[in-house]
Amino acid sequence: MSGHDRRSGAQGCAQSLAMAHRRSFRDAIEILNGLITKKRGGGGAVVDLDRSPSTHDSSRWENHFQLVADHLKLLGLEEPVSKLSVIHVAGTKGKGSTCAFVERILRASGFRTALFTSPHLLDIRERFRLNGEEVSEETFNKYFWWCWDHLQANEAEQGLPMPRLFRFLTILAFKMFTSEDVDVAILEVGLGGRCDATNVVRNPAICGVASLGYDHMEILGNTLAEIATEKAGIFKAGVPAVTVPQPAEALEALKKRALELNIPLEIAPPLETYNLGDLKLGLQGEHQRTNAALAVRLCRGWAERSDHQEHKAILNEALEQGRLPDSYIKGLVEVRWAGRAEIVREKKLSFYLDGAHSPESMEACAKWFSSAARADNIHKENEEISAFDIKQFYTPTSNSRQILLFNCMPKRDPNLLFPPLLDICKQQDISLELAIFVPPYSSYTSIDNTHDSPVDPDLSWQKVLQQHWESFKEKDSKAEDYRREFLSGLENGYSSCHFGVSSAVMPSLPAAIDWLRFCSARHPNLHLQVLVTGSLYLVGDVLRLLK
C-alpha cells in the first residue's frame, strides 16, 4: 500500500472516529450480531463456529488465537495490556462465581476493579464491569467504536481479518480496562484456556482453575486429563497458580503443567481455615464455598505480588490471627451473581434459576435447589393454610410441588444430566415430578437475544429430552397418580403442547411461564417451586420475562 493510501486510510479512520458520537448503542449491537459465525444445529439452536471449532480443526482455533495478539499489537494495546494487573481464572464450573467473589472482595478492600465474564444474561454490557457496575451505554459506545474503526483500518491496510465475536469482545475489554486506570482486572476464560482469547495476557499476577469436569469435550478432549491440560494452558512461568480439590486425573494434569513451568500449584485452603463460623455467603449453594475459598486465595496471592503495602499489612495481620480482613468478609457476604443459584418469587410461584449444563454442575445445582426448596417449605409450614383438594397434584405431607423447566443444547447428553439431578433431589426428599421442556427463545444469532421464535418451532430435540426424562421417571412411579391428576383437563386448553405422564413439551418459553401461572392460579393453596436449569440462555430468558 502506498504512503498516500495509508494517509487516506488514516484520514478516513479519523473522520470515522469524529463521527463516533453520532452512532448509537443499537448500531454497535447490529455490528456485533454480524460477527457471529453461525451454523444451524439440532433443535433449532445456532452455534458460534468461531468460538467452538471442531477438534478436527484445532489449527484454525490456534490461528485465530494468534490473531488476537496481532490485533492488540496493531492497536497499540500490547504494552498497556502487559502492564495490566490481571487475575486469570479458568475452569469447567464455578469460574464465573469465583471471579465475582474476587471482584467483590477486592472492591470492598478499596481497589478499583474491572471484570470481564461471559456469557451475558440480559445485556451485552454485563460482560464488562467497572467497580462492580456494568459499563454504561456511553462508555460501551466510546470504546466499541474506537476498536471497530481501528480494526477496520487494520483489515484494509494490513490484511488482518476482523476478529469474530468473542475475540472482538475480549479486545474491547482490554481497551476499556487499560484506559480506565483500574487497579486489577479479573478475566474469566471463555472456553478452555490454552487458546482462549483472554490468554493473550502473558504476565498475569496469579492464575486460578476452578472445579473441572466433562464439558465441551468436542473441543477440549475426551478425558479429564486432556481437559485439564487445556485449562492449564493459562499457567505462565513465574506466575503462581491456585486450584481447588480436583479429581485425581485432572489434578495430575494440572501438576504436570505447573512442574513443566517450574511454578507452584496450590490447592486453596477451605473457608474453615479462616474461622468464619457459619458465615452466610452472598451466593447460595454448598459448592459456592469452594469457589469462595479459591477466590480468597487468589486475592491473597494478588495482594502478595502487588505494591499495595497498606493492604498487605492489613491482610498479613488478619492471617496471623487466623482470620480474614473485614473487607474480605464483606466481599464474601455482599457478592451477587445473576442466574447462579438465584430465586425469583411470585405470589405462589417461585423460580429457582441456575445455569448448570454439565453433569458436575447439575449435581451442585440439585444440592442447592433441594436445600433452598426445603428451607422455603419450612417457612411456608409456619403460615396458615386453608383446606383444599389434595387430589390435585398434592401429597398429604406437603403443600408445595417441585417442577423442572429445562432446555439444553443438543450436544449435551441428557443421560448424563438427568440422573444426578433426580438422584440428589430424591436423596433430599425433593421430588421433581413434572418436567417442562421448551425450545430456545432467544436467538443464538443475536448478541442482544432478539426474540425470533418461529410460529411453528422445531420441537424434535425437546421431544428427545422428554423421552429420556420419562424413561428415568418410570423407575419412580410413587407420585404418578398425582402427576396425572395435575395434568388432567389441561390438554384441551393447551393443544399445541405434548404431554407425557410426567412431562410436557411446550411450544415456547412464554407459553410455559403462562401455563405455570395458570396452574398456580388453578391451585391457589399450592406453592409451585420451579427449577430453571440446563442453559444460561434459558436462565437469561426467564429472568427477562419475569422482570
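Just so it is clear, glycine is given a Cβ too, placed from its N, Cα and C backbone atoms.
What you are looking at is a predicted structure, and each value in this text was computed from that prediction instead of being measured.
Quick look at what TrEMBL annotates:
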BINDING   Ser118, Glu188, His216  Mg(2+) binding site
BINDING   Arg340, Asp354  ATP binding site
Largest tally of Cβ atoms lying within 10 Å of a Cβ, found at which of the binding-site residues His216, Arg340: Arg340
Nearest of the binding-site residues (Ser118, Glu188, His216) to Asp354 (ATP binding site), judged by Cα-Cα distance: Ser118
Proximal but sequence-remote residues of the same chain as Glu188 (Mg(2+) binding site) (Cβ under 8 Å, at least 6 apart): Val89, Lys95, Gly96, Cys99, Leu115, Phe116, Thr117, Ser118, Thr198
Among Ser118, Asp354, the most crowded of the binding-site residues [Cβ within 10 Å]: Asp354
Whole-number Å value for how far His216 (Mg(2+) binding site) lies from Arg340 (ATP binding site) (Cα to Cα): 20
Residues close to Mg(2+) site centre defined by Ser118, Glu188, His216, Cβ within 8 Å: Lys95, Gly96, Thr117, Pro119, Val189, Gly190, Leu191, Asp196
